[in-house]
């Protein structure tokens with residue numbers, strides 16, 4: 001569609017000024033300020049409603065555009081004031097003039113919104129949650145949620161209205177609801193009674209948790225001084241069919257999950273048919289969850305590991321899968337094999353990196369769970385939200401910091417954990433008639449990080465709490481440290497040369513952890529035996545000694561790759577992913593390596609951008625292109641396996657290959673250069689040293705969630721560069737804005 005088709009609109013619509021509006025929308029799409037699908041949807045609405053208000057296509061285009069930016073709806077009150085931040089149009093004069101005109105077309109008061117939104121393409125719903133099982137509305141493509149007091153409140157695309165309603169019902173139904181009967185073949189925990197009060201064997205839970213969280217004499221004083229939130233998280237998840245465990249890096253989310261799995265099995269009597277499953281949003285996150293849980297299971301108390309039946313049951317838990325794979329997604333369609341009519345065959349599901357789960361996926365997951373199943377969500381509520389629409393974990397964890405536990409929950413925790421929580425974590429609602437939020441009784445926030453105790457951890461806490469005063473004190477402290485002492489390097493304003501030096505390891509205190517290490521290993525490429533120098537019609541048998549030597553070299557490169565990564569807020573521009581990738585390639589070329597700006601070359605670091613189950617690779621996997629052991633002329637991309645083992649130079653060939661896998665570049669159709677990646681893409685990964693780049697311009701994309709996520713990807717060293725003074729402060733003072741009605745449904749408090 002384009003502006004030339006506007007003449008096809010009905011005559012009475014033309015009289016209302018709609019053609020002029022549609023023409024403007026297509027001009028904005030051509031300029032790149034809107035997507036073409038936004039303008040097309042607005043034009044479809046104008047054709048479907050010949051009597052629509054002239055401003056309705058504008059509102060529809062805004063709704064469509066914001067869905068593409070991660071919002072599940074448009075909050076109508078105050079839309080004018082927030083429009084610039086929401087749309088993030090360029091700051092040039094033409095775009096800003098268009099934005100000013102757009103604001104003038106939008107209503108300010110409720111009666112104005114009612115006039116604009118009075119249309120057969122919009123169905124009106126109440127702000128209250130619908131009855132359980134009823135989330136459908138008429139066939140109208142949009143839904144308007146109105147408040148009896150304030151009038152029009154939020155406008156949704158119909159499918160996102162349904163996703164939001166379904167998600168709220170699915171979550172709340174797992175913390176209070178009618179009694180449920182599990183299948184006779186299922187070994188599951190006690191279920192909620194008809195009045196919603198959980199019926200659990202508190203004494204048995206207390207006994208199991210005491211074994212899983214033993215307190216020795218050395219730690220008794222510390223245990224008495226601070227609540228054991230990991231133990232509390234397990235107790236809450238065992239009490240009902242939903243558990244939410246949130247916390248930053250190093251707070252022990254997977255450590256807690258391992259103990260929760262052991263507790264669930266123990267409470268079910270070690271039943272072999274208790275089906276515990278693990279999942280994560282991406283293949284990379286799923287592999288990391290499996291690896292982390294395997295390590296955490298090895299750290300279980302000796303008394304637990306000595307129980308052979310329990311130990312064997314834990315070892316039988318399958319490796320984590322992606323949510324798409326778990327639900328039975330098929331390429332090219334939104335249809336899923338598992339849904340309410342064909343639920344998943346499981347009793348417990350633990351989902352890691354829940355902050356990356358978007359609204360549609362969460363709704364589909366909850367629909368596919370059998371009614372008796374327990375769902376446990378693990379994630380960091382302060383990380384960046386999902387790429388797709390929704391901010392589900394952040395909405396669910398509203399108030400997690402405060403606890404909001406009811407008197408009954410506080411009593412249960414004391415009896416099951418021996419934890420008498422301070423009164424500040426109890427619900428402070430107005431009056432005895434106001435009950436504590438049901439969902440809060442399922443949420444535990446882990447508050448002690450055992451990994452980030454130094455400068456990186458202090459910076460992350462200052463960002464997380466938007467504590468500008470603390471940030472200033474940390475900056476002053478940083479300036480007083482010698483280069484050798486620093487875990488953090490700060491450069492603002494920075495030049496491209498500064499960024500290049502840092503990326504190369506030639507500046508700052510982290511010289512050994514830049515890409516120079518990668519370059520050194522590339523330059524130390526071993527000499528290929530003559531038999532493997534040129535292509536052959538069939539892959540020859542490879543000498544074990546040469547295969548082991550080649551594998552050791554590849555492993556050195558994969559290890560170097562895991563040490564350092566450049567993270568960017570944006571994709572484009574000199575300080576975005578594209579610019580930083582070019583900078584690294586230029587440095588490799590100056591180092592004397594035969595690299596190319598485009599296409600494949602030895603040493604090219606790539607990220608997979610689409611799942612391919614047949615190849616065993618997933619969106620977000622990162623590898624490096626290198627010559628194959630059997631053919632120096634053939635490039636293959638080598639990926640690390642989920643293993644920490646490192647083969648020795650003289651290791652057997654089979655052992656050397658255990659920690660890596662490879663795919664011919666000709667089979668890798670969906671990959672992009674990834675010496676640098678966006679902060680969004682880095683979620684679920686960690687590196688010894690991270691360099692974070694912020695661009696030269698202001699943007700709503702620069703938020704404290706982005707800073708926090710970038711910071712917490714770094715395990716030992718963190719470097720920050722930006723050409724603009726004040727970029728960090730601007731980002732720290734700006735929170736991610738995701739318009740949603742989910743908090744309203746879950747907690748009864750409006751949020752946008």
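Placement of Cβ uses the backbone N, Cα and C atoms for every residue, glycine included.
Remember, it's a predicted structure, so these values are computed and weren't measured experimentally.
Marked as domain 'RecBCD enzyme subunit RecD N-terminal' by TrEMBL: 31-128. Per TrEMBL, the feature ATP binding site maps to 247, 248, 249, 250, 251, 252, 253, 254. Marked as domain 'UvrD-like helicase C-terminal' by TrEMBL: 674-717.
Taking a C-beta cut-off of under 8 Å and a sequence gap of six or more, residue 252 (ATP binding site) has these contacts in its own chain: 230, 446, 450.
Proximity of distant same-chain residues to the domain 'UvrD-like helicase C-terminal' (674-717), defined by a Cβ-Cβ separation under 8 Å and at least 6 residues beyond the stretch ends, is recorded for 85-86, 88, 91, 248-249, 280-282, 284-285, 288, 353, 355-356, 380, 382-385, 387, 451-452, 456, 459-460, 463-464, 466, 487-489, 499, 502-503, 509-510, 513-515, 562-571, 573-577, 580-581, 584-585, 605-607, 620, 622, 723-724, 727-728, 730-737. Applying DSSP to the domain 'UvrD-like helicase C-terminal' (674-717) sorts its residues as follows: 12 helix, 14 strand, 18 coil. Of all Cβ atoms in the shown protein chains, 24 besides its own fall within 10 Å of the Cβ of residue 248 (ATP binding site). Less than 8 angstroms from the CB of residue 253 (ATP binding site) sit 245, 246, 247, 352, 378, 379, 446, each of them six or more residues away in the same chain. Look at residue 247 (ATP binding site): DSSP puts it in a strand.
Counting other Cβ atoms within 10 Å of each Cβ, the lowest count among the binding-site residues 247, 249, 250 belongs to 250. Each residue in the domain 'RecBCD enzyme subunit RecD N-terminal' (31-128) has a pLDDT score, and their mean in this model is 90. Per-class residue totals from DSSP over the domain 'RecBCD enzyme subunit RecD N-terminal' (31-128), listed helix then strand then coil: 55 helix, 7 strand, 36 coil. Long-range Cβ contacts of residue 254 (ATP binding site) within its own chain (separation 6+, distance under 8 Å): 289, 292, 293, 296, 352, 378.
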